[in-house]
Amino acid sequence: MMSIRQRREIRATEVSEDFPAQEENVKLENKLPSGCTSRRLWKILSLTIGGTIALCIGLLTSVYLATLHENDLWFSNIKEVEREISFRTECGLYYSYYKQMLQAPTLVQGFHGLIYDNKTESMKTINLLQRMNIYQEVFLSILYRVLPIQKYLEPVYFYIYTLFGLQAIYVTALYITSWLLSGTWLSGLLAAFWYVTNRIDTTRVEFTIPLRENWALPFFAIQIAAITYFLRPNLQPLSERLTLLAIFISTFLFSLTWQFNQFMMLMQALVLFTLDSLDMLPAVKATWLYGIQITSLLLVCILQFFNSMILGSLLISFNLSVFVARKLQKNLKTGSFLNRLGKLLLHLFMVLCLTLFLNNIIKKILNLKSDEHIFKFLKAKFGLGATRDFDANLYLCEEAFGLLPFNTFGRLSDTLLFYAYIFVLSITVTVAFVVAFHNLSDSTSQQSVGKMEKGTVNLKPETAYNLIHTILFGFLALSTMRMKYLWTSHMCVFASFGLCSPEIWELLLKSVHLYNPKRICIMRYSVPILILLYLCYKFWPGMMDELSELREFYDPDTVELMNWINSNTPRKAVFAGSMQLLAGVKLCTGRTLTNHPHYEDSSLRERTRAVYQIYAKRAPEEVHALLRSFGTDYVILEDSICYERRHHRGCRLRDLLDIANGHMMDGPGENDPDLKPADHPRFCEEIKRNLPPYVAHFTRVFQNKTFHVYKLSRNK
C-alpha cells in the first residue's frame, strides 16, 4: 500500500532494491478494485434477496390473516347486515362513517354530514372529524369513489383488504427494523416468523378490523424502522434528510389514525430523554425527533379542527419542558460522576415539574376535561386511592385494561420467543449499564456517542433506542393487557436482532473465553436457522389445520333486531342502550343514538352514565325522564347485561352503577358500610313484569331471547 513520506535522494542500488516492493504494491492495487466490486455485488445481491423476502413474507402474512377472517365468518357468503354486525362495538361505529360517506350524493355533502353530524349523539350537532380519528375512512371512501373498481369490488371488501394490506406493510417494517439492527436479513425473517407464530399475542386484526390501532401500528412500525436508521452514525446528508422525512410522514399518519397516539409517543419521548441524558444518543438527533413529534401533533390538531385534547396532551408539555430545561442547564454533561449524577437528577426534577406546570396551565386555559377519565383510571389502577368513579371502574373491570395474564408468557415460550428475548435483553441491559456508567464517569472525553475505547463494550445508538423502547413498552404491556400488541411485535424484532447480532455473540463468547471470528459467524447464522426450522416443524401443521377449519357467522338474535328496527321504526327514531350495541344500530340501520363507544368526551361519559340507569335500581319515572332528556324514542335492554355473569361481583355493570349511586350490590358478599339499600328494584328486571308504573311510560314493541325493545311514551 502506498504511503507518503519525506523525499530523499535515491541511489541506483536503492531503485533496484525497491522495485520488487513497488511491483507488489501495484499488483495489490490492481486487485483492490476487483475485491471492492465483489463486495459491492454481494451487497446488492443480499439487498435484493432480503428485500424480496421482506415483500413476500409481508404479503403472505396479509393473505394468511385475510383467509383466517374469511374462514372464521364465511364473510363472502353471509348477508350484508351480518357482515356489518361482525364489526363489533366501536369497530362498527368507525365503519359506519365510511358507509355514510359512500352513501352521500356528493363528497361535499359527505363532508358536511361529518362536520355537522346530528345522528351520532341525539339532540346535539358534533364535528366528527374533530371528535374522532376517522380521516382514514374519509380517505378510503374518496378512493373508492374515484377508482374504477365499483363493478369488481364491494365497498366492504375494499375496506378490509386495505387493512389487511397494511398488515403486509407492518410485518415488512418489523423485518426491516430487525435487519437494520443486526446487519442480516435472516434476522428479519426470524422476526416475521415469530410475529406469525405468535399471532394470538401480536395482532387481533382478523376479528377487530376497523379498530384504530390496526390502522396506526403499521405506521408506528415504519417510524421505528426509520428512527433506527436515522440514529446510525455518519449518515450522508441526503440519506439523513430522506430519513427525517420518512419519520415525519409516519409519525403524522400514526398520530392521525389513533386517538391514543399521544400516550405512545410520550413513551418514545421518554426513551429519547433517557438516552440523551446518558449520552447514548446525539443531542441534535434527539432534538429533531422531539420537534417532529410536536409538529406532527400540531398538524393533526389543525386537521381535527383544533381538538383541545391534543393541545392539552402530556407529550407537548413534556417536549417543550425538555427544550426549556436544556436552555437553563447548558453545562449538564460536564463534571465528575457524582457532579453529573446530581445535575441529571436536578434536570429530571426540573423537566417533571415544568411538564406538570405547563400541562395544568394549558388545561385550565382550554377548560379541558376530555382525558380526566384516563388519569382517574391510572390513579385507581396503581393503588393511589380507591374510587367509586363509574368511568374509572368501567375500565378497571375490563380484562383488556387489566394486568397481562401469566399464560401469555407460556404461549410466547412455546415459540422460543420469550426465552430468546430474555437472553438478548439481559445482555444488552448489562452493556447499557456499563456504557451509561462510563459516559457519566468520563464526561470530558471526546469520543463519539455509542463508541468507547477498544477492548471495552459499546452500544450503538440505534440499539440503545430499541432497548429502552422495548423495556418501557414492556412495562406498559405488563400493566395493561390491551397494549401488549405494541410490545410483543417489537419483542419479535428485538429477540431476532440479538440472535443475529455479531456484537452480542462476540461479547458472550469473550465472556466464556471462546472468542473466535469464525465462531461468531457460525453462531449468528446457525442459531436463527435452527429456530426457523423448529418453528416450521412445530407450527406449520397447526397453521394448515387452522386454514382448513371453516366456521360461519351466527348471531340470529342481533340480525333479527336490526331487521326489525329497519322495518318498524322511523328513520329519525332515537335509540338508547349499551354503547357496544348502539354502534351496530348506527351502522346497520342509520338510526340516531343517545350514546356510543367513543368514550373520549366528558359530556358523552355523563350521557352514558345517565342512559345506563336502565340497569340500575331506579324508579321508572326517573329512568323515563333521563331517557327523554336525550330525545329517546326506543330503549334496548340486553339480558346479557341485566343478568351478567361474565364478571365477578363488584365488576358487573349493574354493580358499578349501584356503587356509583350509593346502593348496596346484589347477591352474597360484603358491601361498603356507607352503601344503602335502594328504594326501588332493578329497572331492567322489573320492567318485564308489566306493572302499571312501568307500562305507563314504556311499551314493549320487540322481544327475542336476547333483546327487549321498549317504546317510550311522550307524556310528561
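Using the three backbone atoms N, Cα and C, a Cβ is placed for every residue, glycine included.
Remember, TrEMBL labels are computer predictions, not curated facts.
Just so it is clear, the model here is predicted, and its values are computed rather than measured.
Only residues 6 or more beyond the boundaries of the transmembrane segment (44-66), in the same chain, are considered here, and those with a CB under 8 A from a CB of the stretch are 160-161, 164-165, 167-172, 175-176, 179, 185, 188-189, 192, 195-196, 199, 203, 205-206, 543, 547. The transmembrane segment annotation in TrEMBL covers 44-66 (among others).
Sequence-remote contacts of a segment are chain residues at least 6 beyond its ends whose Cβ falls under 8 Å from one of its Cβ atoms, and for the transmembrane segment (179-195) they are 46, 49-51, 53-54, 57-58, 61, 171, 202-203, 225, 228-229, 232, 415, 417, 462-463, 466, 489, 491-493, 495-502, 524-525, 528-529, 531-532, 535. The annotation transmembrane segment is assigned in TrEMBL to 179-195 (among others).
Feature annotation from TrEMBL assigns transmembrane segment to 215-232 (among others).
For 244-270 (among others), the entry in TrEMBL reads transmembrane segment.
Under the heading transmembrane segment, TrEMBL lists 290-323 (among others). A Cβ distance under 8 Å defines the sequence-distant neighbours of the transmembrane segment (290-323), meaning residues of its chain 6+ beyond its ends; these are 127, 129-131, 133, 135, 244, 247-248, 251-252, 254-256, 259, 261-263, 265-266, 268-270, 272-273, 350-352, 354-356, 358-359, 362-363, 366, 368, 370-371, 600.
Residues or ranges marked as transmembrane segment by TrEMBL: 344-362 (among others).
Under the heading transmembrane segment, TrEMBL lists 418-441 (among others).
Feature annotation from TrEMBL assigns transmembrane segment to 462-481 (among others). Tertiary neighbourhood of the transmembrane segment (462-481): same-chain residues 177, 180-181, 224, 227-229, 231-232, 267-268, 270-272, 274-275, 280-281, 381-382, 399-405, 425, 428-429, 432, 435, 450, 487-488, 490-491, 493-494, 497, 503, selected by CB-CB distance under 8 Å and a gap of 6+ residues from either end.
Same-chain residues lying 6 or more positions outside the transmembrane segment (487-509) and placing a CB less than 8 Å from one of its CB atoms are 170, 174, 177-178, 181-184, 186-188, 190-192, 194-195, 198, 201-203, 217, 221, 224, 412, 417-418, 420-421, 423-425, 427-428, 431, 457-458, 460, 463, 466-467, 469-470, 473-474, 476-477, 515-516, 519-521, 523-525, 527-528, 531. Look at TrEMBL and you will find 487-509 (among others) tagged as transmembrane segment.
For 521-540 (among others), the entry in TrEMBL reads transmembrane segment.
Sequence-distant contacts of the transmembrane segment (215-232) (same chain, at least 6 residues past either end, Cβ-Cβ under 8 Å): 136, 163, 166-167, 169-170, 173-174, 176-177, 180-181, 240, 243-244, 246-247, 250-251, 253-254, 257-258, 261, 264, 281-282, 285, 288-289, 460-462, 465-466, 469, 485-486, 489-490.
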